[in-house]
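Student: OK, TrEMBL features for this one:
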BINDING   93, 98, 103  oxalate binding site
BINDING   96, 98, 103, 142  Mn(2+) binding site
DOMAIN    46-195  domain 'Cupin type-1'
SIGNAL    1-24  signal peptide
């Protein structure tokens with residue numbers, strides 16, 4: 001009886017694990033591509049022009065233009081997406097993670113200070129110039145910073161998922177309603193300091 005119960009529990013755990021893995025990655029489609037409802041199948045289906053406005057635009061704060069399946073539906077099932085990152089002088093893309101994909105960043109203008117932290121809390125950093133690439137492993141906390149006070153920086157990032165997801169640590173920690181007391185204790189600080197941080201994140 002105990003053996004039967006143990007086997008049953010193991011089967012349930014295995015099925016749940018498989019289901020969880022399936023939900024944490026892109027669809028493994030059984031066709032060449034997925035056609036969004038109501039769309040004609042022609043060259044327009046596979047074309048995205050929402051990035052045209054980027055070129056020649058004037059930006060005053062860090063800006064990211066995402067091209068995932070939400071913006072370009074035909075990417076669904078293709079396990080690929082892209083983002084264009086624009087950094088004014090001295091701007092930063094704050095520490096964040098992409099839970100469903102690694103990121104391959106390619107610098108096309110200026111220079112960037114980049115880094116990520118692994119699961120042993122070791123920090124890896126690099127200064128990137130035009131033409132350099134850097135990989136941020138899947139799910140790890142990372143950042144990019146344009147430390148140059150005279151030049152803009154631009155990078156293009158590719159992801160191994162049509163929906164890589166982004167978890168911004170400042171926003172997740174200080175703008176989602178986590179109790180101030182919990183945050184103060186977690187950061188060995190006080191509630192007044194937590195309030196100042198939250199105020200700094202307000203638009």
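Cβ atoms are placed via backbone N, Cα and C, with glycine included.
Bear in mind that TrEMBL entries carry predicted annotations, made automatically and left uncurated.
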Student: Same chain, not part of 96, 98, 103, 142: whose C-beta falls within 8 angstroms of the C-beta centre of the Mn(2+) site? Give them in sequence order.
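Tutor: Result: 97, 116, 136, 140, 141, 164, 166.
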Student: Measure from the Cβ of residue 98 (oxalate binding site) and count the other Cβ atoms within 10 Å, all protein chains considered.
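Tutor: For residue 98 (oxalate binding site), the count of other Cβ atoms within 10 Å is 24.
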Student: I'm trying to understand the geometry here, so how far is the Cα atom of residue 142 (Mn(2+) binding site) from the Cα atom of residue 93 (oxalate binding site), in Å to the nearest whole number?
Tutor: 9
Student: In the domain 'Cupin type-1' (46-195), how many residues does DSSP assign to helix, to strand and to coil?
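Tutor: Grouping H, G, I as helix and E, B as strand yields 25 helix, 55 strand, 70 coil.
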Student: Please list residues from the chain of residue 96 (Mn(2+) binding site) whose Cβ is under 8 angstroms from its Cβ, counting only those at least six apart in sequence.
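Tutor: The answer is 141, 142, 143, 166, 167, 168, 169.
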Student: Around the Cβ of residue 93 (oxalate binding site), how many other Cβ atoms lie within 10 Å? Please give the count over every shown protein chain.
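Tutor: Summing over all protein chains shown, residue 93 (oxalate binding site) has 24 other Cβ atoms within 10 Å.
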Student: Long-range same-chain neighbours of residue 103 (oxalate binding site), Cβ under 8 Å, sequence gap at least 6?
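Tutor: Long-range Cβ contacts: 135, 136, 142, 157, 158, 159, 164.
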Student: List, in sequence order, the residues of the same chain other than 93, 98, 103 whose Cβ lies within 8 Å of the centroid of the Cβ atoms of the recorded oxalate site.
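Tutor: Apart from the listed residues, the neighbours are 83, 96, 97, 105, 136, 142, 144, 157, 159, 164, 166.
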Student: Starting from the Cβ of residue 142 (Mn(2+) binding site), draw a 10 Å sphere and report how many other Cβ atoms land inside it.
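Tutor: The answer is 22.
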